[in-house]
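So that you can see what the record holds, here are the features copied from TrEMBL:
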ACT_SITE  Cys2  active site, nucleophile
ACT_SITE  Lys602  active site, for Fru-6P isomerization activity
DOMAIN    2-217  domain 'Glutamine amidotransferase type-2'
DOMAIN    283-422  domain 'SIS'
DOMAIN    455-597  domain 'SIS'
Amino acid sequence: MCGICGVVGHRPATPIVFEGLRRLEYRGYDSAGIATLDEGRIERRRAAGKLDNLAAVLETQPLYGTTGIGHTRWATHGAPTENNAHPHGTSRVAIVHNGIIENFETLRTELEAEGQVFETETDSETIAQMVDYYLAAGQSPREAAFATLRRLEGAYAVAMIFAGHEGLMIGARHGAPLAVGFGDGEMFLGSDSLALAPLTRRIAYLDDGDCVVITPEKAEFFDHTGEPVERKIQVTALIAGAVGKDGYRHYMEKELHEHPLVIGQTLQRMVDPATRKVVLPPLPCDLATIPRGVITACGSAYYAGMIGRYWLEEIARLPIDIDVASELRYRNPPLTPGSLGMLISQSGETADTLAALRALKAIGLPVLSVLNAEHSTMARESDLVLGTVAGPEISVASTKAFTAQLTVLACLTIAMGRARGTLDEAGEDELVTALLDLPGKAAEVFSHQADIRKMAGIVAEARDVLYLGRGSAYPVAMEGALKLKEISYIHAEAYAAGEMKHGPISLIDRTVPIVATIPSGPLFEKTLSNLQEAKARGGRLLAFTDEAGAERLSAIAEHTIALPEVHPFVTPVIQTIGVQILAYETALLKGTDVDQPRNLAKSVTVE
Ligand code: HGA
């Protein structure tokens, strides 16, 4: 959340920073702004709303100079207005900030008492005012920045430029990501490698607590004690072309169509084609003997984790504790020593999941993370990373990362079952075959898109929608409801199908459609009975099933989608694609901003 981009060099800074912000806009789009040094003077342009508004401002009031910083905001403190937009600054300094300064009220009171005049409602402005205060007292930019950073509590990635100091930029990170890009006579700062992708492939990531002093020729890194340190330059494989829409109307549409590809790529990494065995890298624990697993994640990744729990418990007989990352550590659960911590995150930067990772490590659990961003903070702090190979996911609503996470969790389950003796060779072969069939079956789901669009016609008219599922189809229902809420702004709730009669059944009437995720298999009959109960009360049923379940469902449901027949193990993957397409089609009918829904941002780097 919140994107930061900066450059010091020899070319005009504004277009470079602006294009960097374009690639970071998925992280926040409440407002945007850029500051440059124009003949040594700080100049700022800011605008509320999306980057296009800033572009319009820059058109009439261009910004000159070769040193610049920019920001896309997802507001935490202060309304999303132009006045609260970053960069914040004075005549001496301009800063951009991602994170939350938790002691900002104390610092603000202190600075106001010293005569500093604040202009915004944000926590972030405290950083600018404190640096300004130290500069006014005669300190150098480096001294003022370091002195300020020592006073900050909370989380930050920050970039600063200083009046009269062309070619100087100072960055720092504590709990929020920041990367330095190395160019030819120019250097860059960015929230992630995506921001820097077309500018350079040579990137160094700041460690937590690091500070970096950047000039066009070099970057000097300092650790949290202020000691100079080296940070390795990595050559990233990411190319700019990977982040286009490829002719699709939205990134979400493109990413939905990438489901088969990313499942296939992820399997390629985890399954040996010669032996058809799942091969994991060396693990931080012995899978055969771990007593329990703890899964934690946020949002869609949490639902992927719930499906993982069904698999790990049923197939590998591993008891699983699971909770959302923002709650896990507050419960202070008495975790069994020797358990394996398992985290799931697309960005690897989600603040709540990162905090949970640290909490699990602090009590001595080994941590395995299922991550899409392999250069992320979580990747660095985990004992083992299983990569999801989904490529950049730009749409704020996650789609392909989810099925890639499921693919990894399915492979982990197989490896775990083998190690624990709950899955014999034939069983492993059957499940691996089911996985290898998945990319083709996932592609077949799109042949139902027109029918799902008809279903969306009903959903788009509703104010409230219920999603129902049993077993591993229950978290799929949760994912469907979340996706619908996120991008169509229609209220949706998911219930375990058997729970409906314990409360939500009172909601049912003609105006509340019920979306059921009901694959054929052992739970089919019981789920069908729950749907009959809803039907008997006037509920309009919309069902995602498969060819074997379609006939019975079409007798009671208004729309039935017969998704491709797959092994029961992998039905959640196929069903997920169905409910995600439903959310997308509904959002199209509602005319919402599919890729950048209101109030949201991807990569939630604040708690
Ligand atoms: N607290 C700052 C930055 C917000 C942020 O990083 N969001 O992810 C603000 O509200 O501007």
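Yeah, the Cβs are placed from backbone N, Cα and C, and that goes for glycine too.
Just so it is clear, the model here is predicted, and its values are computed rather than measured.
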Distant-in-sequence Cβ neighbours of the residue listed as 'active site, nucleophile', under 8 Å, six or more positions away: Arg27, Gly28, His71, Thr72, Arg73, Trp74, His86, His97, Asn98, Gly99, Ala176, Ser191, Ala601, Thr605
Cβ-Cβ neighbours of the residue listed as 'active site, for Fru-6P isomerization activity' (radius 10 Å): 25
Helix, strand and coil totals (DSSP H, G, I; E, B; other) for the domain 'SIS' (455-597): 77 helix, 27 strand, 39 coil
